[in-house]
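**Student:** Swiss-Prot feature annotations, pasted as is:
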BINDING   R287, D324, D328, R467, D470  (2E)-geranyl diphosphate binding site
BINDING   D324, D328  Mg(2+) 1 binding site
COMPBIAS  52-61  compositional bias 'Polar residues'
MOTIF     324-328  motif 'DDXXD motif'
TRANSIT   1-40  transit peptide
Amino acid sequence: MSCARITVTLPYRSAKTSIQRGITHCPALLRPRFSACTPLASAVPLSSTPLINGDNSPLKNTHQHVEERSSKRREYLLEETARKLQRNDTESVEKLKLIDNIQRLGIGYYFEDAIDAVLRSPFSAEEEEDLFTAALRFRLLRHNGIQVTPEIFLKFKDERGEFDESDTLGLLSLYEASNLGVTGEEILEEAMEFAEPRLRRSLSELAAPLRSEVAQALDVPRHLRMARLEARRFIEQYGKQSDHDGDLLELAILDYNQVQAQHQSELTEITRWWKQLGLVEKLGFGRDRALECFMWTMGILPHPKYSSSRIESAKAAALLYVIDDIFDTYGKMDELILFTDAIRRWDLEAMEGLPEYMKICYMALYNTTNEICYRVLKDTGRIALPYLKSVWIETIEAYMVEVKWFSGGSAPKLEEYIENGASTVGAYMVLVHLFFLIGEGLTHQNVLFFKQKPYHKPFSAAGRIFRLWDDLGTSQEEEERGDMASSIRLFMKEYKLSTVEEARSCVLEEISRLWKDLNEGLISIKDALPLTIVKVALNIARTSQVVYKHEQHTYMLSVDNYVEALFFTPLLSS
């Protein structure tokens, strides 16, 4: 099979969009916004396409025929790939490379048991004689939640305590592995400090494609990348490699397109729900939110089998969007106090004293949350309402704290701002909803992880990273509207910094530190909680970086291209 021809190329650092749109404050979870004037919306108007309206009957027979044909081919390719993983005559390092390619291509979920068996199998010291292999194995083990010590890298240091800087592939592999470190793992900190500057210096001397691979790693290391975007990008890159596995590439393309079709179906359902809810029309403000909400939930929970969980969490996210608009723009102080009190009470009588527009929003939240809880009860037998209600109360109270800060003209302490902001961006709300919707590991002990405050370190780290990336991506626009409390300004104030650039550097350093806390989920709480919910926390941080890592003076960027590639543009092979 020849290499794939991909319609949309996806660099990690997006360029500025040609159309600048007005931005109003909204919870970070639900940015970016898309309007009818954007290039994407013009090409694929959500209000008129058969996909969104559910009127896809003319395409039904064609789709069914294509699905049947591709399904048979996919089954064959799955069997072939499984055989390659199970072969005993393949060198261990080649199996590690195969696993790495499978997971980067976005098809790892088909082979989870086989991958786990390979990674847990004995690996001799002779097979880890080179730095590249040792670092690759370390990264794969930790990425998949398997215990491994970084002490394995000590033997690669010379008498001066340094690694071999002439081994570019080894340094690149080591750098990628070092991004999975946790606090206290000094060997990984030293590895990153050694590898990063040397890789940067070597860029001009490297030949393609290694130069491109090193540049991408220095921009966004693999561990920090959003899974579906990485799959799409790597499918294109992998197809250009002279030694690529044609069957593996074909399987990745077939699967990408199949999952994309599934996402279109999910988006149709979310859009239909949102239109039936009629909240925007009844409130008289806000915009349609289905597309941007779903992009977030897909980034946070990409596995195809969690379709209903994505749909239900996107509904909760859309309501958070509306509530944020109320607190930030439309609500008066006395109304917001009443609304917060009504949320605390959580009963229909509590909304009697609310203005009409708040009653509508309250009823939508009340009914949607109860419907989600009914689904959880039906699917898992667990009662989720006390926990979902609690996280909504926590989130609304956090909004109220921000309103009091801004209305009183007082600046919070940096730590206070970041922790409160982890709630207002919606990180904890999403974590709690998805924990119950996914339904894995719903034991009494595990539920306690979501009752204790502050939240467990990896969950708190995910929310804080989200908050900080939001500030990096939107602080200028928010300051122009008069919202002066952001982590950037608070860093400047508390650390007596003279420039915004210095403060932004401090924010990025804090994000790097928080990733070490987040990585602890892979080696600690995963022994209690299922790895799936740990990966939800990781994906919250990854998706926020995709959305907000752009030129600091622009918020709306070509994320539109990401959305079009993820949901509307299939991969083509030739």
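Every residue number used here counts from 1 along the chain in the order it is shown.
For all residues, glycine too, the Cβ spot is worked out from N, Cα and C.
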**Student:** Quick one: average pLDDT across the motif 'DDXXD motif' (324-328), no decimals.
**Tutor:** 91
**Student:** What does the DSSP secondary structure composition of the motif 'DDXXD motif' (324-328) look like, as residue counts for helix, strand and coil?
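**Tutor:** Here the numbers are 5 helix, 0 strand, 0 coil.
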**Student:** Mind giving me a neighbour count for R467 ((2E)-geranyl diphosphate binding site)? Other Cβ atoms within 10 Å of its Cβ, every protein chain shown.
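**Tutor:** Summing over all protein chains shown, R467 ((2E)-geranyl diphosphate binding site) has 27 other Cβ atoms within 10 Å.
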**Student:** List nothing but the one residue from D324, D328, D470 whose Cβ has the fewest other Cβ atoms within 10 Å; the candidates are the binding-site residues.
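**Tutor:** Across D324, D328, D470, these binding-site residues, the one with fewest Cβ atoms within 10 Å is D328.
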